[in-house]
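Sequence annotations record features per position, and here TrEMBL assigns domain 'FtsK' to 1-114, 263-450. What TrEMBL lists as ATP binding site is A281, A282, P283, G284, M285, G286, K287, S288.
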Amino acid sequence: MRALTSINAEIHRRERLFAANGVNHINQYQKKYKLGEVTEPLPHLFLISDEFAELKQEQPDFMSALVSTARTGRSLGIHLILATQKPAGVVNDQIWSNSRFKIALKVADRQDSNEMLHTPDAAEITQTGRAYLQVGNNEVYELFQSAWSGADYQPDKDDQGIEDQTIYAINALGQYDILNDDLSGLEDVEDIRQVPSELDAIVHHLHDLTQTLKPLARPWLPPLAIRVYSQDLRPSAFQDLWQQSTGSLKALIGLVDLPSQQDQRIIYHDFETEGNLILYAAPGMGKSTFLQNLIMDLTRQNTPELLHCYLFDFGTNGLLPLRSLPHVADSFMMEDSEKITKFILRMKTEMATRKKRFSQYGVSNIKLYRQLSGEQLPEIMIMIDSYDGIKEAETGEALEAMIQTLSRDGGSLGINVVITAGRTGVIKSALQANFKTRISLKMTDNNDTRNIMGRHDYTMEDIPGRGLILVNKPEVFQTALPARGEDSVAMLQALQEEAEEMAAAWTGPRPNRIPVVPEKLSLEDFMAKPSVQEAIQDDQLPLGLDTVEVKSVGIALKQLTHMLVMSDNEENLSFTFKSLIIVSNALSSQTIKTLLLDMDGTLEEYQQKVNTYLSDKETILKLIQQVKIEIEKRKQDNRWIHWLILIPSIEQLIQDNGFNQDEFIEVYEEASKVGIHFVIGGYYNFINTNISILAKYLKNHSRIALISMKLSSQNIFDKVYNSKEQRLLHDETYLYYKNESIKLKLVSE
C-alpha cells in the first residue's frame with residue numbers, strides 16, 4: 001500500500017500546484033512552465049503494470065484503488081497502463097469504463113477479445129505485432145501494426161545500402177503475410193558480432209540524456225534501507241558536540257518513511273517535551289540495538305556533567321558494552337539484588353533532594369531551575385532492556401514500584417525512563433499510562449502491534465530494527481545502528497571502542513557508582529578507603545563498612561563509653577571480636593592500646609595483634625584492680641592513651657568465684673570517663689535471662705552495642721520490625737548507637 005499512498009500524495013501535490021497557479025489541467029500548467037510563469041517542472045506520470053492479472057489477484061483492493069486513482073488523476077497528468085495475457089475475468093466493468101484507450105494484440109480466443117474490445121476481432125489476428133486500437137466506445141477502431149523494438153540497432157544501415165528483402169503477401173483482410181525469411185547474407189558472415197537491439201539503444205540514449213537534466217522530485221522514494229547508521233544521520237563527532245553541549249535530550253531514533261508526504265526524514269525523540277518512551281519488540285528484532293543507539297546519541301551530545309545513565313539489562317547483555325561510558329553511573333543485572341535495592345534508595349533520595357531544590361527557587365522543572373540557579377543539574381536516564389525479566393528478579397516488586405514513581409513524577413525533575421519489552425502484558429496499565437511515546441518493532445503476534453500503535457495497514461517485516469512510530473499516524477521507520485560494522489560483532493567492537501574513547505577523553509567529575517560491599521573485606525581494602533582514613537584522622541574507632549553507603553562507620557573515641565557485643569551463635573560472636581582486634585591493631589599505638597582478656601583461650605592466635613594478652617584468670621582479676629588504680633591516675637593527669645579492653649566471654653568472667661561483680665561495675669562506670677573502654681561479649685540468651693548483677697546491669701545500661709544476630713530475634717535494643725530480615729553472615733553485624741542500628745560489613749584477615 002506504500003505505492004498507492006505515494007501516488008495519492010503525488011495527486012495532492014499536483015492539486016496544490018494547480019491551485020497555487022490558477023490552472024486545472026496539466027496542459028495549462030506545462031504551457032505556463034514553457035512561458036516561464038512557473039518554475040517547477042511537472043511531467044506526465046505513467047503508472048505501468050505488467051501482468052496486472054497477478055496484481056489484481058494478489059491485491060484486489062489495491063488494484064481497485066489504483067484504477068480509481070488514475071481516473072481522478074487524469075487531468076493532473078497521471079495515466080495508467082495495464083497489460084495482461086489473459087483478460088477473461090480480469091478486465092471488469094470498472095477497468096473497462098475507466099480505460100479510454102484499449103489495445104488488443106492476438107488473444108487466445110473470442111471470449112478474451114470480447115473482454116477487451118467487446119468484439120471477437122482480436123482472436124482472428126494471425127500476424128505478430130498486429131493489434132486493434134479502440135478509443136472510447138468505438139470512436140476510433142483501427143487495425144494497426146505495432147513497432148518492433150527487438151531489431152538490431154544499425155544506425156548506418158542506409159549508408160551501407162542494406163535493404164529489406166522480405167516478400168509479403170496481402171490477404172483479404174489487408175494483413176501482410178511473410179513469404180520468405182531475409183537473412184541478409186548471414187550465412188556468409190564469418191565473424192558474428194553481438195549488436196544491441198533498438199530497444200537497448202533507446203534506453204541507453206535516454207539514460208545518457210537524463211544525466212544532463214536536473215533531477216525531478218520522485219513520486220515515491222526507494223524503500224528504507226535495512227542498515228541505517230547514526231553517524232550518517234548525525235555526522236558530528238562527540239568531541240565537537242561536547243564543546244557546544246547545553247544539555248540536549250533530542251535523541252536520534254532513525255529514519256522514518258512518509259510516503260503520504262513523499263519524504264523520508266530523520267526522526268528524533270525529545271525527552272524534554274515527549275517524556276518517557278516504551279518500545280515493544282519480539283526477540284531478535286532489535287530491542288537492545290534500539291537502546292544502544294539511544295544511549296550513544298545522548299552521550300555524544302551531552303557531557304557526563306549534564307547526563308547520568310543507569311542501565312538495567314534483564315535480557316541478553318546487550319547493554320554491557322556501554323558500561324565503560326563516563327556517563328554511566330552503574331549497570332544492573334537481574335541477580336544484582338543489593339545494587340538494585342540501593343538504586344531504589346538513591347532515587348528516593350534524589351527525587352526528594354531535587355524537589356527541595358526546586359521549591360527554593362519556586363520552579364517546577366529542571367529547565368527553569370538551571371536558568372535561575374545556574375547549576376548544571378544533570379539529567380538522569382534510566383534504561384531498562386527486556387522489562388519482561390523484572391518479575392524474576394528478587395527485588396522485582398520494589399523496582400516496579402520505583403519505576404512507576406519515577407515515570408510518573410520524574411519528568412519535571414529531570415529523570416526519564418526508557419523501557420523495552422517483548423510482550424504487552426508484562427507492563428501494567430498504570431505504568432503504561434506514564435509513557436507518552438510507544439514504539440513497536442515486529443511482534444510475535446501482529447495483533448499486538450495494532451493494540452500498541454492503533455489501526456494500520458502495514459505488514460510488519462522480519463527486518464531487525466524495522467517498526468512503527470506515531471507521526472500523526474503510524475509510520476514505518478528503521479532504527480539507526482549505533483556504530484558502523486559489517487556484522488554484529490564488528491559493530492559491538494566499534495561501540496566499545498567509542499565508549500572507551502569517551503571515557504579517556506573525559507577528565508571531569510563522573511556520576512557516583514552504586515556502592516557494593518565486597519564479598520570479603522580485607523584490612524588492606526578497608527584501610528585504603530578515603531572514608532576510613534578520614535575517620536582515623538578524626539580520632540574515630542572505625543568498626544566496619546555501612547552495607548548501604550559502603551562508607552566507614554565508627555565511633556569517636558571521645559564519645560565512646562563501653563560496648564556490648566552480643567550474638568546467638570559462637571561463629572558470629574568470635575568473628576566480631578577478631579575483626580575488632582584486626583582493626584585496632586592497624587591503628588597507631590599513640591591513639592589506642594588494646595588489651596585482650598581471653599579467659600577460655602579461644603583467641604590465643606591473636607595475642608600478637610594486641611598490646612596485652614591475658615588468659616590466666618588470676619592475672620585477669622589482678623588487671624581489673626590495676627585498672628582501678630589507672631583510673632585514679634588519669635583523673636589527676638588527662639594526658640593518656642585510650643585503652644580498649646576486650647572481654648569476649650561475660651559468662652567466663654561471671655562464673656569465676658573470685659570475681660566481684662559490684663566492684664567491677666564501679667570500675668566500669670568510672671573507666672569511660674578517662675578513656676578506658678570495655679568491650680564485653682556474650683550470648684544473647686545469657687545476657688537477656690541471666691539473673692547475675694553484671695548481666696542485668698549490661699542489659700539495662702548498655703547504650704552502644706554490636707549485635708551480631710538478627711535484630712528481630714532480640715528485645716534488648718530498639719528495633720524496627722522487618723519481616724524480610726535475612727540472617728547475618730559471619731562477617732556482618734549491627735551497630736546500635738544513639739538509638740539507631742546500622743548494618744556493617746566487618747574486616748576479615
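Every residue, even glycine, has its Cβ placed from backbone N, Cα and C.
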List of residues, in chain order, with Cβ under 8 A from that of K287 (ATP binding site) and at least 6 apart: L279, A281, G315, G318, D385, S386, T420, A421, G422, L441
Give the sequence-ordered set of same-chain residues, not counting A281, A282, P283, G284, M285, G286, K287, S288, with Cβ within 8 Å of the centre of the Cβ atoms defining the ATP site. T420, G422, L441, K442, P464
Tally of helix, strand and coil residues over the domain 'FtsK' (1-114) according to DSSP? 63 helix, 16 strand, 35 coil
Does anything in the same chain, at least 6 positions from G286 (ATP binding site), have a Cβ under 8 Å from its Cβ, and if so what? L441, P464, G465, G467, T479
Would you mind ranking the binding-site residues A281, A282, M285 by how many other Cβ atoms sit within 10 Å of each Cβ and giving me the lowest? A282
Per DSSP (three-state), A282 (ATP binding site) is coil
Proximal but sequence-remote residues of the same chain as S288 (ATP binding site) (Cβ under 8 Å, at least 6 apart): G315, T316, G318, L319, D385, T420
For the domain 'FtsK' (1-114), would you mind checking the mean pLDDT of the predicted model? 85
